[in-house]
Structures are given as C-alpha cells and as structure tokens.
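Everything below concerns the one structure shown next.
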Amino acid sequence: MDGGSILETIGVEIIGVMSPVSICMFLVVLIVYSLSSPTTSSDNQQVIRTAANLVYLESSSDTTTQKLEGALLNALVFVLLITLVTFLLVILYYYRFTNFLKHYMRFSAFLVLGSMGGSIFISLIQHFNIPIDPFTFSLLLFNFTILGVISVFSQGVPILLNQMYMVALGIIVAAWFTKLPEWTTWVVLVALALYDLVAVLAPGGPLKMLVELASSRDEELPALVYEARPNVGSRSGNRGPNLGLLLAGFSDGDPIELRVMSSSEDVVQNGRGMNEMRSENEEIDGVRGVEIEGETLPLMGSSNERARPVANEEIRESNESDRSRVLERRTEEEEERGRGIRLGLGDFVFYSVLVGRAAMYDLMTVYACYLAIISGLGCTLILLAVCRHALPALPISIALGVIFYFLTRLLMEPFVVGTSTNLLMF
C-alpha cells in the first residue's frame with residue numbers, strides 16, 4: 001500500500017484516536033490551572049508519596065545534581081515495579097487466573113473513580129465554592145463510580161458511555177501524577193517511554209508475551225483499552241487477535257488493511273469470494289459443479305465414478321471442508337474490517353501528564369507540547385499501517401513532547417517575551 005493510500009484510509013482512525021486524547025489533555029490542563037494557585041509556589045506545595053517517588057522526595061534546597069540523581073533512582077524503581085507487576089500478570093494469565101484478573105481490574109477502576117476521583121471533585125468544589133451537602137455528594141460519587149465500573153467492563157454498554165469513562169479514568173490518574181516533583185516527572189516520562197519500547201517490541205517483553213499468549217488462546221485479555229472505532233453502537237466481546245491492538249497496533253495474525261468499506265464494495269468483494277469458492281470446488285478431481293443456494297456442489301462425471309460411493313463421499317467431505325474454510329475466512333475478514341485502533345489507558349495518562357506539567361509553566365509550552373504529542377501519535381499510527389504489527393504509542397510522542405517543552409521554555413519563550421516587551425514584530 002503506497003503512502004497516498006495510507007493517508008487516505010487511515011484518516012478516520014487517526015481522528016478517532018486523536019479526539020479523545022485531545023479531550024483528555026485539555027481537561028487535565030483545566031484541572032491543573034484551576035487547582036494551582038498563583039500565590040502558591042512549587043516549593044510550598046505538598047509532596048505526595050507514590051510509587052513513582054518511593055526513594056527520593058525532591059526538596060527546593062537540593063542541588064541540581066541531587067535532584068537528577070534522585071529522579072533517576074525514582075524512575076528506576078518505578079519501572080522495575082511496573083516490570084514485576086506485568087510479569088506477574090503474565091504468570092497469572094498463563095495459568096488462567098482470568099477471573100481474578102478481571103475482578104482486580106474492576107476493583108482498581110472502582111478505587112480510581114471513587115477515591116482519587118472523589119478527592120479531585122472535592123478540591124474542585126472547594127475551589128469554586130460549589131454549594132453541595134456531604135450526603136448528596138456521596139450519593140452522586142457512588143453512582144458515578146458504579147456506573148463507571150459497569151460501563152468499562154460490562155458488555156452491551158453504549159460505546160459512547162464506555163469511551164467517556166475511559167477518558168475520565170485517564171484524566172483522574174493523570175491529574176494525580178501531575179502532583180509529582182518536576183524532575184521526577186520528566187525522568188519518569190522518559191523512562192516509561194523506553195520501557196514501553198522494550199516491553200512491546202523485544203522478544204521477551206512482558207507486554208508482547210501477554211498479547212501473543214492471548215492471541216494464541218483466542219481469548220480477550222482484561223485490560224483498560226480505548227476503542228476508537230467500534231463495530232456497532234454497543235460493545236460486544238472481542239476475539240483474541242484483537243489484542244494486538246492493545247498498544248495502538250495491528251494484530252499479530254494476517255495483515256489487516258485499515259479501510260472503511262462501503263456497502264456496495266462489500267457486496268462486490270463477497271461476490272468475488274463466492275466466485276473463487278465456486279471455481280475451487282469445480283476443480284476438485286475434475287468434477288463438475290452445480291449451484292445450490294449460492295454454493296457449488298460436486299456431480300459425478302462418469303459411470304465409473306457413480307460406482308464408487310466411498311470416493312463420492314470423500315469428495316463431498318472435501319467440498320464441505322473447503323466451503324467451511326472459505327466461510328470462516330470471510331467471517332474473520334468481516335470482523336477485521338470492523339476493528340478500530342485501540343489505545344491503552346496508560347498512553348492517555350502519560351500524554352496528559354506531560355501537558356499538565358507544561359501547564360504549570362505557561363500556555364506557550366502547553367501548545368508546543370500538545371502539537372508535539374499529536375504529531376508523534378500521528379506518526380505512530382501511520383507506522384502501524386506500514387509495519388502491520390503492534391507498536392508502542394509512547395516513545396515518539398513523549399520524545400517529541402519533552403524536546404519541544406525544553407526548547408520552548410529555554411529558547412522560544414525568552415525570545416517571544418523579549419520581542420513583545422520591546423514592541424518588536426517578527
């Protein structure tokens with residue numbers, strides 16, 4: 001498929017992914033701006049203890065070398081914890097503890113929506129002085145949390161509701177990660193991008209092992225994944241090969257072309273498939289074919305063949321086997337046409353963390369980081385159409401985002417401010 005065809009056919013999928021990512025980043029920036037007081041400096045902000053800063057708590061009195069060394073230690077420990085948890089997930093899934101994993105994911109989503117989300121809602125209520133009593137707030141939060149768990153993990157839920165809660169989960173987690181110290185935040189983002197690259201592409205990578213294991217079993221892996229383009233208006237169960245899309249990639253099976261099939265084109269292709277099936281059936285052992293209900297069945301062509309019922313039965317079985325294979329292949333192709341690009345929740349989170357951290361400086365860095373992340377995501381999606389296998393969605397976007405942040409902060413911002421204050425045009 002040439003470059004022009006790729007750009008034409010992947011446009012719908014790119015928009016379907018970039019829109020929720022942009023919404024998630026925009027709302028995280030709003031939350032950061034709303035909860036950040038201009039009179040409160042980063043030195044006076046309360047530092048929270050999380051898995052991303054278990055070793056070192058950054059202080060304003062520390063030197064640059066101490067901050068860098070501490071941030072590197074925090075990132076190393078955090079990546080090691082993620083690696084151990086992911087390998088544990090592989091082991092549990094290998095021994096078919098699927099129900100345990102599903103319940104764990106439900107419980108985690110419940111805690112994120114109820115505890116972390118409730119804390120953010122309380123902060124927003126206090127900041128904007130919203131009049132609400134504790135009982136009403138608790139009731140609304142409980143309903144919000146229960147509906148979110150049902151929408152994310154249950155089948156038959158409207159896809160729009162599922163997408164809204166997936167974005168909400170990303171916003172809540174990203175808003176919490178923006179509370180990390182500055183040096184730790186940047187080093188952790190770079191470390192996670194490198195980990196994502198190894199975990200997805202390396203032969204022994206834990207995420208690669210999970211996807212391959214689920215695909216070999218033809219099962220659905222319990223994971224928080226945003227579906228960009230669903231088959232129908234409500235979600236249905238997905239097969240194992242779809243798990244190749246877990247990290248915004250294609251399945252590990254046959255190549256899939258990202259296309260939007262029209263009804264007329266689908267009819268033409270189905271007709272071609274039927275003609276191919278008929279020609280294959282007619283060529284079996286030189287036997288003639290007769291069409292019955294759209295399918296071709298063999299007829300014996302000589303008296304000697306009529307005298308051999310065993311051979312006739314074998315021909316019929318072979319014909320039925322060919323027909324079932326063609327129908328199964330056609331069913332798989334129809335499922336593949338309905339697939340959309342899937343993006344893991346972690347990608348939503350760390351894209352938004354980067355933009356949220358930029359929002360703590362000024363809006364110019366926010367614009368630069370947003371454009372860099374969207375450009376990197378677009379490059380990743382185009383690479384998917386070329387490579388046709390699962391690719392990590394973090395490395396390109398995070399690399400561009402970090403580079404553009406520091407270039408804007410160190411070069412662009414002083415230049416623009418200097419020219420503006422001196423009333424110069426450029």
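Cβ coordinates come from backbone N, Cα and C, glycine included.
Source: prediction; values computed, not measured.
As written in TrEMBL, here are the features:
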- 12-35: transmembrane segment (TRANSMEM)
- 71-95: transmembrane segment (TRANSMEM)
- 107-128: transmembrane segment (TRANSMEM)
- 134-153: transmembrane segment (TRANSMEM)
- 160-177: transmembrane segment (TRANSMEM)
- 183-202: transmembrane segment (TRANSMEM)
- 301-333: region 'Disordered' (REGION)
- 305-333: compositional bias 'Basic and acidic residues' (COMPBIAS)
- 340-359: transmembrane segment (TRANSMEM)
- 365-386: transmembrane segment (TRANSMEM)
- 393-412: transmembrane segment (TRANSMEM)
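If one looks beyond the transmembrane segment (12-35) by at least 6 residues along the same chain, the residues whose Cβ comes under 8 Å of a Cβ in the stretch are 120, 123-124, 127-128, 163, 166-167, 170-171, 174-175, 178, 226, 228-229, 248, 258, 260, 340-341, 343, 347-348, 351-353, 355-356, 359-360, 366, 370, 373-374, 377-378, 381.
By number of Cβ pairs under 8 Å, the transmembrane segment (365-386) is matched best by 393-412 from the list 134-153, 183-202, 340-359, 393-412. Counting only same-chain residues 6+ beyond the ends of the transmembrane segment (183-202), those with a CB under 8 A from a CB of the stretch are 52-53, 56, 58, 67-68, 70-72, 74-76, 78-79, 82-83, 86, 177, 208, 247, 249, 346, 350, 353-354, 357, 390-395, 398-399, 401-402.
Sequence-distant contacts of the transmembrane segment (134-153) (same chain, six or more residues past either end, CB-CB distance under 8 Å): 102, 105-106, 109-110, 113-114, 117-118, 121-122, 125, 161-162, 164-166, 168-169, 224.
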